[in-house]
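S.K.: Sharing the features that Swiss-Prot gives for it:
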SIGNAL    1-24  signal peptide
DISULFID  C34-C82  disulfide bond
DISULFID  C46-C66  disulfide bond
DISULFID  C51-C79  disulfide bond
DISULFID  C55-C81  disulfide bond
Amino acid sequence: MKKIFQLSFTVFIIFISLVLGVVGNVQQKRSNRCIDFPVNPKTGLCVLKDCESVCKKTSKGLEGICWKFNAKGKDPKQCKCCGLWPPLY
């Protein structure tokens, strides 16, 4: 009885290790990165609400960030969508 339990436990541990390894590989393939998106062509500035809206339309898990401010810390010139993206093949 003890050997059957020991064998079953060993097989269970090996199975769990393999499953965790596969899940880890899948999650690792998604990478956190930012991609630039165009800003309002009329003003040439990034509006946070518009930037967030574009990013949400692109993919659910992305966050919009206005970037590249002038020397006074105002007038952002770039919209970036950051988050987990699927792998590039």
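All residue numbers here begin at 1 and follow the chain in the order shown.
Note: Cβ is positioned from N, Cα and C throughout, glycine not excepted.
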S.K.: Which ones, of the disulfide-bonded residues C46, C66, C79, have a Cα no more than 10 Å from the Cα of C55 (disulfide bond)?
M.R.: C79
S.K.: Hey, which of the disulfide-bonded residues C46, C66, C82 is the loneliest by Cβ count within 10 Å?
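M.R.: Fewest other Cβ atoms within 10 Å, among the disulfide-bonded residues C46, C66, C82, is found for C82.
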S.K.: How many other Cβ atoms sit within 10 Å of the Cβ of C55 (disulfide bond)?
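M.R.: Other Cβ atoms found within 10 Å: 23.
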S.K.: Check the Cα distances from C34 (disulfide bond) to each of the disulfide-bonded residues C46, C51, C66, C81 and keep only the ones within 10 Å.
M.R.: C81
S.K.: Sequence gap of 6 or more, Cβ distance under 8 Å: name the residues on the same chain that satisfy this around C79 (disulfide bond), in order along the sequence.
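M.R.: In sequence order, D36, F37, P38, V39, C46, D50, C51, V54, C55, G64, I65, C66, W67 meet the Cβ cut-off.
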